[in-house]
Structures are given as C-alpha cells and as structure tokens.
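Heads up, the thing below is written out as structure tokens.
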Amino acid sequence: MGSEDPTVGEVSEGRVLRTILARTPEGRDALLGPGDDAAVVAAPSGSVVATTDTLVEGPDFRAAWSSGYDLGWKAAAVNLADIAAMGARPTALLVALAVPKDRRLSFVAAVADGLRDACEALAPGCAVVGGDLTASATLMIAVTALGDLEGRAAVTRAGARVGEDVAIAGEMGHAAHGLSVLFGRFHPAGAAVAVDPAVLGEGEADAIAAQLRPVPPIGLGPVAALAGATAMMDVSDGLALDAGRMADASGVTIALEQSALGAHPRRALAGGEDHALLATFPAGALPPGFRRIGSVVPRQDGAAVLYDGEPVGALGWDPYRDAGADVSD
C-alpha cells in the first residue's frame, strides 16, 4: 500500500506535475497556459519586461527555516518586485523546480501553493504559466517573471537627476532583523535548526516572516511610473549597496538622511530582502505610498552614497562574500 505522502522519487513525473497544476490558476494575460511546449502570454503594450531570480538551498535559504510554502512565496515575491521596479505590471511567471527525490510530494504542493498565493496577494492576475521540473541533489527554484508596461516607458536605475527627492516604498530592515534572529538563535554549531516560536521576543516572529515571506509593494511600481519616477529599483541587497548602484548608473550621488531611516538605520542601510522600491522623483512630487529619505546631489569624488553627509562604506549583501555586514544594530 502506497504512502499517503510519498516522496517525489516514489511517484511519476506526471503525478508531481498534476499536483502542481491543480494549484495553478489561469493568469489574466495567459493566452495559453501550462500543458503545451510553451506558454503564450499577451503583451498589450508591444514590449515585455522580463527578469529571473534563483534560490538555491544553502546560500539562499535553509530547509530547517523555510517551508515549501515559504519558498514558493519568496521565489515569486522577489521576481515580482523586479518587474514592479521597472514600472511594469506583472503578468506571468515561469518556474523551474529542481527537487531531490527524497522530498515529499506535499512539499512540492506547498511550493505551488506559495507561488499561487504570492501572485494573488501581491500581483492579482499574474500566475504561473509554465516551467520545468527535474530531479536534483540540491533543492533549487528559478523563476522568470514577465510584465507589461501598459504603454509607458520603462523606469530604469539610470535616470536620477540632481535636485530630485529620493524616496522609498515598503519596509526597510525587517527582513535583515529576521535573518539576524535566525542565525543568532537557530543556527547552533553552524547548522540551521527549526524555529521555536516559544523563545521569540517581541517583534521577532514578524521579522522572521519578513525574511521568509517578504511583501514588496508591487502595485506601487506602476504608481511611481505614472507619477513621473525618473529612476527606480528594488532594494534586495541593502539600501546602501542598491542606492550606490542607482547613483553609479545615473552618474550622481545619493544623499540619505538618518532621520528618515527609522529607529534602526543600520538595518536599513545594510540589510536587504524586504524588496522595498527605491525611486527618485522631481522635488515635491512623491506619490502616495512613498516617503522621502534623501536627495540626489552632484557626484562626489569616491562617494556614490552619503549618509548624513558622510560616505557610506560597502554595506549590504553580496553572494560572493560570506555574509555581508553585521546588521544586528
């Protein structure tokens, strides 16, 4: 008699796919969804915005901390944020999932549930339209997101101009705090262990949720574009590092103000993964949902980012460094 929750190695590829597809609603822009050699997605504006992000067990997430649902949600959210950062509306996701044979079928189902729910919550109308499934020694998910500009020009990170306001939409530093809690409390002897809610302090459960299931302000990407945003990007690697990338691309310096960064400015500067939207606007022209955190100033020698007038060092997440800066405050 078969197990009620078999591993993926104990069932056929067809059964795994049926499990996923049963949890995959039809997207608003999908002209042809899963089941054929390729999907067909409408592109009403005549151009398609596309992005890809990959999460690999080990460097990007720990199975002891992230459920299948968490993994699906985060994989969708980080890609949706990139589409929103271009000023586009997300339309579809393509998902490649590599799963070890000893993973339970219920885990794969939970990944699909997380993908679906993230799309429905963050970008209604967007859905998974296709992808790929394979066996692997390492758990990995790669998502390609597509978006529509709805007739607008894309907002890049290269358009910031001197005299403009620098603004942010969404949370900053919460996911970094969550990561600090996970490594500080649930990583003894260099190995991740399951989170025990009973030992969490005030606000720590919410911080961990921000790390495992980020909630970027996807709908504010098109809002910013319509309001005249001149540059925009999502904050995935820390405000200091990502603001520096915007400054370098635009040939300017971004001057951040400590008073605008909240009670834990170092978390905001060095910690990413909240996927807030960083944008520049003509002075005084911020749309609802964005708050001012600084200004664009002429390029300073050797300083892409200033923090209360002082150059900011190399804070933030770099996947080819060990762990970036300590963001524990």
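From the backbone N, Cα and C atoms, a Cβ is placed for every residue, glycine too.
Record features (TrEMBL):
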BINDING   ASP37, ASP82, ASP234  Mg(2+) 3 binding site
BINDING   ASP37, THR51, ASP82  Mg(2+) 4 binding site
BINDING   THR52, ASP53, ASP132  Mg(2+) 1 binding site
BINDING   ASP53, ASP82  Mg(2+) 2 binding site
BINDING   ASP60, GLU273, TRP317  substrate binding site
BINDING   GLY131, ASP132, ARG157, SER236  ATP binding site
BINDING   ASP237  Mg(2+) 5 binding site
DOMAIN    35-147  domain 'PurM-like N-terminal'
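Everything TrEMBL records as a feature, shown here on the structure.
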| residue | record | contacts (Cβ under 8 Å, 6+ apart) |
| --- | --- | --- |
| ASP37 | Mg(2+) 3 binding site | none |
| THR52 | Mg(2+) 1 binding site | ASN79, ALA142, VAL143, THR144, ALA145 |
| ASP53 | Mg(2+) 1 binding site | ALA75, VAL78, ASN79, ASP82, ALA142, VAL143 |
| ASP60 | substrate binding site | THR54 |
| GLY131 | ATP binding site | PRO34, LEU93, LEU94, VAL95, ALA96, LEU97 |
| ASP132 | Mg(2+) 1 binding site | VAL95, ALA96, LEU97 |
| ASP234 | Mg(2+) 3 binding site | ALA81, ASP82, ALA84, ALA85, PRO216, ASP242, HIS275, ALA276, LEU277, LEU278 |
Cα proximity to ASP237 (Mg(2+) 5 binding site), best match among binding-site residues THR51, ARG157, GLU273: GLU273
DSSP-derived structure type at ASP82 (Mg(2+) 3 binding site), helix or strand or else coil: helix
Mean of pLDDT values spanning the domain 'PurM-like N-terminal' (35-147): 97
Local Cβ density at ARG157 (ATP binding site) - other Cβ atoms counted within 10 Å: 22
Counts by DSSP class (helix H/G/I, strand E/B, coil) across the domain 'PurM-like N-terminal' (35-147): 36 helix, 43 strand, 34 coil
Cβ packing number for the residue listed as 'Mg(2+) 5 binding site', 10 Å threshold: 20
Most distant Cα pair in Å, residues GLY131, ASP132, ARG157, SER236 binding ATP: 31
Remaining residues near the recorded Mg(2+) 1 site, that is with C-beta within 8 Å of the centroid of the site residues THR52, ASP53, ASP132: THR54, ASN79, LEU94, VAL95, ALA96, ILE141, ALA142, VAL143, THR144
